[in-house]
Amino acid sequence: MRPILLSGHERSLNQIKFNRDGDLLFSVAKDKIVCAWWSANGERLGTYNGHQGAIWTVDVSPNTVLLATGSADNTVRLWNVKTGECIKVWDFPTAVKRVEFTPDGSRLLAVTEKRMGFLGTIAVLDINYEDLEAQAEEPSLRITCTESKATVAGWSYLAKYIIAGHEDGSVSQYDSKTGEQLENVQAHEFDNLISDIQFSADRTYFITASKDKSAKLISSRNLAILKTYVADTPLNSAAITPKKEYVILGGGQAAMDVTTTSARQGKFEARFYHKVFEDEIGRVRGHFGPLNTVAVHPNGTAYASGGEDGYVRVHHFDKPYFDFMYEVEREQLRK
């Protein structure tokens, strides 16, 4: 499995995202630019320029018409994917740490930072596709996190709920129409922040990654913890693979905690776990520094990781990856 190395950022990666078709990959880093790449061969399509600070988050609409980014310059920007022009800028009082479109692309959520006397919020913006220039000025819904700020958030199936991961290690479920909190579960160890949340293809369950060195598979409906994957290093990102029953975890010691430069020492590898049996089944090395973000191709044929080293590595899976099975799984097939 030879990786394609994408070198377009000068600083560490924050988030990478495939579009729904999987032919494009978008990456954002601490260097103010958004890069778009062909996922098949790693060719760079272009960049989206305009942010004045580190870009924390990116998402692309389901129809690949719009791109949303959230940045440390306290704005959410909406871009035309094809032309690269910035269509709309929404200003917030603090930095924006996560953006995500609903499964139908009609709404966009933005998670804002708790800072300078402002509480952390989750804002929901309505998106207009009829006239791209005419976007709403104000959020249609604002959820304020009075207890622990939200660090990440996403939409459940049918955009019925907003699921948020918090700084204190808890996961919340909000009604996406009213903003009312319906559930709150202490999914991870107290005060170990949730660094990533990614959903299954049908959005009925999701995976969280946390600084407590574990990832959890959780139901969107009632926040029941279905599976736990234990790693030996703080995790920055986790993703669920379609086609095969695996999950991919990415992490590594924080850059400031690393005392030796050996890549093995810092545990800078993508880890593959069996989704059902919770066993670790393999690792993929390569990054020089922690993995900050992992993403899986929607067809399950490839995955990409973005690291503290400023590189995005795209791995297209080989045949053995798809052939690998537990004895139990083989028996099921024989039946």
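The backbone N, Cα and C atoms fix where each Cβ goes, glycine too.
Sequence annotations record features per position, and here Swiss-Prot assigns repeat 'WD 1' to 8-47. Within its own chain, the repeat 'WD 1' (8-47) has Cβ neighbours under 8 Å at 53-60, 62-64, 67, 69, 71, 79, 81, 84, 289, 292-299, 301-302, 304-312, 314, counting only residues six or more beyond its boundaries.
Among residues of the same chain six or more beyond the repeat 'WD 2' (50-91), those with a C-beta under 8 A of the stretch's C-beta atoms are 11, 14-17, 19-21, 24, 26-34, 36, 97-101, 103-105, 108, 110-111, 125, 127, 129, 132-133, 135, 137, 139. For 50-91, the entry in Swiss-Prot reads repeat 'WD 2'.
Summarising the annotation, Swiss-Prot assigns repeat 'WD 3' to 145-184. Packing against the repeat 'WD 3' (145-184) from elsewhere in the chain are residues 97-98, 100-104, 106-107, 109, 111, 113-114, 119-122, 124, 190-199, 202-204, 206, 208, 210, 212, 218, 220-223: each is 6 or more residues past its ends and has a CB under 8 Å from a CB in it.
In this model, the repeat 'WD 4' (189-228) carries an average pLDDT of 96. Sequence annotations record features per position, and here Swiss-Prot assigns repeat 'WD 4' to 189-228.
Marked as repeat 'WD 5' by Swiss-Prot: 286-325. Taking Cβ pairs closer than 8 Å, the repeat 'WD 5' (286-325) reaches residues 1-18, 20-22, 25, 27, 29, 37, 39, 42, 196, 198, 201, 236-244, 248-255, 258, 263, 266, 268-270, 333 in its own chain, all 6 or more past its ends.
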